[in-house]
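J.: According to TrEMBL:
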type     : residues : note
REGION   : 1-30     : region 'Disordered'
TRANSMEM : 48-68    : transmembrane segment
TRANSMEM : 77-98    : transmembrane segment
TRANSMEM : 118-141  : transmembrane segment
DOMAIN   : 142-387  : domain 'Amino acid transporter transmembrane'
TRANSMEM : 153-171  : transmembrane segment
TRANSMEM : 191-207  : transmembrane segment
TRANSMEM : 227-250  : transmembrane segment
TRANSMEM : 280-297  : transmembrane segment
TRANSMEM : 318-337  : transmembrane segment
TRANSMEM : 343-366  : transmembrane segment
TRANSMEM : 378-403  : transmembrane segment
Amino acid sequence: MTAISSAGDRKHRRGSKVPLLPQKRDDRDYDDCQSAEVGFDGASFSGAVFNLSTTIVGAGIMALPAILNQLGLIPGLLMILLGAWVTELSIDLVLRFGRASKTSTSYSGVVADAFGGFARTLLQVCIVVNNLGMLIVYLIIIDSLRYTSALSVLLAVVFVVITAGVAIVKLAEGSIGMPRLMPQVKDQADFWKLFTTVPVIVTAYICHHNVHPIENELKDPSQMKPIVRASLTLCSSVYIATSFFGVLLFGDKIMDDVLTNFDGDLGIPYSSLIDDIVRISYGVHLMLVFPIVFYSLRLNLDGLFFPYAIPISRDNKRFFSITIALMGFIFVGANFVPNIWDAFQFTGATAAVAVGFIFPAAIALRNAHGIATKRDRVAAWLMLFLAVTTSTVAICSDVYSILSPDSDITS
């Protein structure tokens, strides 16, 4: 099937209102939306919080303990909180400018409204790269509905609780000590390595392309701002607990994927059983999150290659072809990417930082509808400066590490 088979196919142009999640019933005519088949009365506050939290808490949580070990306890925890705060600012900008446009009910629609079709395509490419990277990470970790969202978050919490319990027991026994409060910087190379932590933290909070679909299914869309805040509070709390107790438990022996540390003797009774519970529970969590991330990936990739075709949900051949191709690519990538740190460095320093911060800042500075306040402009410039500088330094540091055979990022 070609991207443009005839002029008549333009009526099937993928609109900004194609839903990621079931749409609530109302009298509006949603483009290509089968609301009559899958409609419902609207999602609740708690359901939306769990949905958004599920799209946030993924594989990034596994690398955060290594981040805390590298930065030190105080700077590491501050970076996690700063990441949540900047993410909330960027999502708020995207939502407000989306409402101002009145025709854009997706992230890509807001970008297209501000900068045109080319910017929309560029954003979709970034989302595809980011989601591909995340799904490759999911498979690497696995190899070493509404209620489903709540279950996946619960399984992540199970991981945190077990890690905390084991760390507290060993701390009480005196077999472990407190982690260092500040980073160890012995030379210039150690200083630049600190910036490689930024892409991981950025990736840990990326959810911007899922915010509008969740807002579209709400009973009351005005609740979206407190939903975002509640979700980020929940996720950052899980991140802080995981990072703190992970570093407390394993110290300098922490791996770039903390789940790998749960593959040996923990020094407590029933260690093997606890290892199995931790690995299985988080493996199930990733399997529940995988379809959500994959759905967004497939939808954006289909929009890039077949912008004028009928919706992919109505074309079985295209649906299965894209699904099989993506799954094959992800499987091959998971076998060739050496560890999750490398995947995070690539996606976090490029696609994720663009999706999470550069595009929202650019939308606010463009101010197509004249609603940006002075605070918005200051926040946008700050966001843009931090995104570009830290990403550039992280990429340069990665290149330096690759060219230095004796270097070890996570050491």
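Every residue, even glycine, has its Cβ placed from backbone N, Cα and C.
A TrEMBL annotation is a machine prediction, not a hand-curated record.
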J.: Please indicate, using numbers and ranges, the residues of the same chain that are 6 or more beyond the transmembrane segment (378-403) and have a C-beta under 8 Å from a C-beta there.
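T.: Hits for the transmembrane segment (378-403): 86, 89-90, 93, 189, 192-193, 195-196, 198-199, 345, 348-350, 353-354, 356-358, 360-362, 364-365, 372, 409.
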J.: So, does the transmembrane segment (343-366) come close enough to the transmembrane segment (153-171) to give 3+ Cβ pairs below 8 Å, pairs being at least 6 apart in sequence?
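T.: Per Cβ check, the transmembrane segment (153-171) does not touch the transmembrane segment (343-366).
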J.: Between the stretches 48-68, 77-98, 118-141, 227-250, which one has more Cβ pairs under 8 Å with the transmembrane segment (280-297) than any other?
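T.: By Cβ pairs under 8 Å, 118-141 leads among 48-68, 77-98, 118-141, 227-250.
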J.: For the transmembrane segment (343-366) against the transmembrane segment (118-141), do we get 3 or more Cβ-Cβ pairs below 8 Å once near-sequence pairs (under 6 apart) are dropped?
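T.: Contact criterion met.
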J.: Please tell me whether the transmembrane segment (318-337) and the transmembrane segment (48-68) touch - that is, whether there are at least 3 C-beta pairs under 8 Å between them, with each pair 6 or more apart in sequence.
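T.: They are not in contact.
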J.: Against the transmembrane segment (48-68), which of these stretches has the most C-beta pairs under 8 Å: 77-98, 118-141, 227-250?
T.: 227-250
J.: State the residues, same chain only, that lie 6 or more residues beyond the ends of the transmembrane segment (118-141) and have a CB under 8 A from a CB inside it; answer 'none' if no residue qualifies.
T.: 58-59, 62, 107-109, 111-112, 203, 206, 209, 257, 259, 282-283, 286, 289-290, 293-294, 296-297, 300-301, 303-304, 326, 329-331, 333-334, 337, 339-340, 343-344, 346-347, 350-352, 354-355, 359
